Amino acid sequence: MPHIDNDVKLDFKDVLLRPKRSTLKSRSEVDLTRSFAFRNSKQMYTGIPIIAANMDTVGTFEMAKVLCKFSLFTAVHKHYSLEQWKEFASQNPDCLEHLAASSGTGSSDFEQLEQILNAIPQVKYVCLDVANGYSEHFVEFVKDVRKRFPEHTIMAGNVVTGEMVEELILSGADIIKVGIGPGSVCTTRKKTGVGYPQLSAVMECADAAHGLKGHIISDGGCSCPGDVAKAFGAGADFVMLGGMLAGHSESGGELIERNGRKYKLFYGMSSEMAMKKYAGGVAEYRASEGKTVEVPFKGDVEHTIRDIIGGIRSTCTYVGAAKQKELSRRTTFIRVTQQVKPIFSDES
């Protein structure tokens, strides 16, 4: 029977954070570092929990080199060869604790993952990524990976509801990726009509995960540092970024020059371009669920990282959180009809 859930569900654009009294004198006093103990792997994480998405135009080795300097994390895309992994690991051993090896559910993906983790034991994180994390096949795959790698920390997704977060955690995942359709180059909501507003998804999934001592990643939907802060305020343990990290020197994607301006290609991993590149084209039984865009070239990603980190520090001072850990406890969202005045920009 069709059913309508009449509860209001909200996105990042629908809210602002209410400022609160603070004893902080400076943004520099804010500690953005988090430490987590993972439920199933029993491993520890320490760092600033922002993750470059496992897209071949974002989650590159070049990106990982820069992000690890800031104690940020990279989910490296799955299309690097074993030899490329070995070369990177030998030249950048300090980065290995701040990255994950990614895999789909295919047998060739799993074989590649096994080879990487066996060859480079310092890599302790695995990112199991499918568009639809609700399939029984995916749940069984997570169980198999947990059985094969009992001491690796497993990220798995994507889902948007509490019951599936619980299912994946109980199946062996440590960190659940939350988000269906919010990404800037994702067209799943248009092609399928399926999705969930990201802010509400994060709040509900965080509640489910934390009850089991699990963790979540807010994956997608952030277009500015304020959105990243809102995701943390809503209870996300990690925030994964794609579009915000696209278009840089360290990003993948072809560099294009037109009329004296530089652009970089950025595309979803379910887009026609990605499927042509890695699968020989779009299979007859499926539709492309991503698009390709040209992002104005932004230069070195270091400047963007500083902007994001600076924004979150400022958020913490506005709400009186001396540590990022306190941000969700200090968060009160207010519903709004307008975020910014769009007089001098295209923002709305």
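Quick reminder: no glycine exception, Cβ is built from N, Cα and C everywhere.
Taken from Swiss-Prot as is:
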ACT_SITE  Cys186  active site, thioimidate intermediate
ACT_SITE  Thr188  active site, proton donor/acceptor
BINDING   26-27, Lys78, 129-131, 180-181, Met269, 285-286, 314-317  NADP(+) binding site
BINDING   Gly181, Gly183, Cys186, Arg189  K(+) binding site
BINDING   Asp219, Gly220, Gly221, Gly242, Gly243, Gly268, Met269, Ser270, Arg286, Ala287, Ser288, Glu289, Gly290  GMP binding site
MOD_RES   Lys291  N6-acetyllysine
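Known features from Swiss-Prot, placed on the structure.
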| residue | record | Cβ within 10 Å |
| --- | --- | --- |
| Ser26 | NADP(+) binding site | 8 |
| Lys78 | NADP(+) binding site | 22 |
| Val130 | NADP(+) binding site | 19 |
| Ile180 | NADP(+) binding site | 26 |
| Gly183 | K(+) binding site | 27 |
| Cys186 | active site, thioimidate intermediate | 25 |
| Gly221 | GMP binding site | 29 |
| Gly243 | GMP binding site | 22 |
| Lys291 | N6-acetyllysine | 18 |
| Thr315 | NADP(+) binding site | 25 |
*Excluding Gly181, Gly183, Cys186, Arg189 themselves, which residues in that chain have a Cβ inside 8 Å of the centre of the Cβ atoms defining the K(+) site?*
Gly179, Ile180, Pro182, Thr187, Thr188, Gly195, Gly220, Glu289
_Tell me the Cα distance separating the residue listed as 'active site, thioimidate intermediate' from Gly290 (GMP binding site), rounded to the nearest angstrom._
4
*Looking at the recorded positions Gly181, Gly183, Cys186, which has the shortest Cα distance to Gly243 (GMP binding site)?*
Gly183
*Can you tell which of the binding-site residues Ser26, Ile180, Asp219, Gly221, Thr317 lies nearest to the residue listed as 'active site, proton donor/acceptor' in space, using Cα positions?*
Ile180
_Check the DSSP secondary structure of Arg189 (K(+) binding site), expressed as helix, strand or coil._
helix
*Among Thr188, Thr317, all listed as recorded positions, which has the most CB atoms within 10 Å of its CB?*
Thr188
*Work out how many Å separate Thr317 (NADP(+) binding site) and Gly221 (GMP binding site) at their Cα atoms, rounded off.*
24
*Only counting partners 6 or more residues apart, tell me which same-chain residues put their Cβ under 8 Å from the Cβ of Arg189 (K(+) binding site).*
Ile180, Gly181, Gly195
*Does Met269 (NADP(+) binding site) have same-chain partners at least 6 apart in sequence with Cβ under 8 Å from its own Cβ, and which are they?*
Met55, Asp56, His77, Gly290
*Taking the Cβ of Asp219 (GMP binding site) as reference, which residues of that chain separated by at least 6 in sequence fall under 8 Å from it?*
Ala53, Gly157, Asn158, Lys177, Val178, Gly179, Pro182, Gly183, Met240
*asked:* Tell me the Cα distance separating the residue listed as 'active site, thioimidate intermediate' from Ser26 (NADP(+) binding site), rounded to the nearest angstrom.
replied: 38
*What is the separation, in Å, between the Cα atoms of Val130 (NADP(+) binding site) and Cys186 (active site, thioimidate intermediate)?*
13
*asked:* What does the structure give for the C-alpha distance between Thr315 (NADP(+) binding site) and Lys291 (N6-acetyllysine)? Integer Å is fine.
replied: 32
*Whole-number Å only: compute the distance from the Cα of Lys78 (NADP(+) binding site) to the Cα of Cys186 (active site, thioimidate intermediate).*
18
